[in-house]
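Here you go, one structure.
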């Protein structure tokens, strides 16, 4: 006879011998056994009512699995929200700056700025700038948090085209993280930089590379685009007289506006030149600028820092006279030109001495052909005198004893570009006498001293006496004597 049981806990039917319920594990008591009354009749009990609070293992597993799924989903949700949270991004950015870690900043910026790659130099420049300028860092964070609030509330995507955005701005990605969460990234603005210079045809270099040319004074050109960072702008002006150049360090970290205009002001000025010869030509750094002192022009633009040198020169028929070379370090330069070299002075004294000797000989001969180093105008004057002497039987006797030149009296006057007159004061010691043959056959010379100033011109390679006059102040301190 087969015995049939029903579990008193869960009501599970059991056939045969069981000590424990196969479903819930409860102990099977003897009172639960209900044997049949005959071989063909089975005795059975009505199954007891199941406890409403009882739960099968399968149900428990199902509930536990569902709970795990809910927890995982909730965890994933909060993880996704955490990973995509814009405030967390800004906190990471702030911490990276405070820690001075440009490499981490580069990782944050590189992926989001692919159309204009960010290198370590850019990241390092941003990190250094914000770490050292606390006010700029605070202003930037305030602006970024304001952008985050606006992106959350009004559906904006980016501040890329916002002129009031800072050089770092917040951008909402077009794709959502896990198709659910708004995701954010930091991006860098690109700037076109307006540049001007104070001299025309100024060439502009950025970090050593030529970037453009300012064609006219006051004009402006735009250079770029540039990422935020520190740049070296250099202006180079190659002028007629000199080259001006200067480097300008530029920090391109705008907060709240576009890039400011960069004005590259070169330090050039004008210099007035004076000399004791207005026909002297001006030389700068050894080059003739084809201007004379008397032209009355300002020379420039040119740097007044002493890096350039100026000198004036005069081309005389007998040679070149040069002034001292002076540094250009002010708005006015004055030059003294050595009037006559020792060689030229000797040539003038030789010519004057020969003239005096020839003058006396010509009077003795009553013939201009005995004259030496005399200007043609004076030759004509003396020819008339000699003609009168011959007509009147007038004669001359004389001897030249000594000619003393005052070396401090040399002067040079230039009346035109090729018209030069040299003057020198001379003491002439002699003996002479004039007489008429009708009254005496000869005469006794009388000693005499004349102080004269002789004037000479340089013509055809020689000095010619053009005139003379009485001098009252011939000096004897520094002299040269011809005998």
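Cβ atoms here come from the backbone N, Cα and C positions, even for glycine.
Keep in mind it's a predicted model, so treat the numbers as computed, not measured.
OK, TrEMBL features for this one:
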- 31-52: region 'Disordered' (REGION)
- 31-40: compositional bias 'Polar residues' (COMPBIAS)
- 61-80: transmembrane segment (TRANSMEM)
- 88-187: domain 'TcaA second' (DOMAIN)
- 267-335: domain 'TcaA 4th' (DOMAIN)
- 348-469: domain 'YvbJ-like NTF2-like' (DOMAIN)
Looking only at the domain 'TcaA 4th' (267-335), what is the mean pLDDT?
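It averages 92.
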Helix, strand, coil: count each for the residues of the domain 'TcaA second' (88-187), based on DSSP.
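Counting residues per DSSP class in the domain 'TcaA second' (88-187), I get 54 helix, 12 strand, 34 coil.
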Go ahead and report the DSSP secondary structure tallies for the domain 'TcaA 4th' (267-335): helix first, then strand, then coil.
3 helix, 39 strand, 27 coil
With DSSP as the reference, give the number of residues of the domain 'YvbJ-like NTF2-like' (348-469) in helix, strand and coil.
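Counting residues by DSSP class gives 40 helix, 60 strand, 22 coil.
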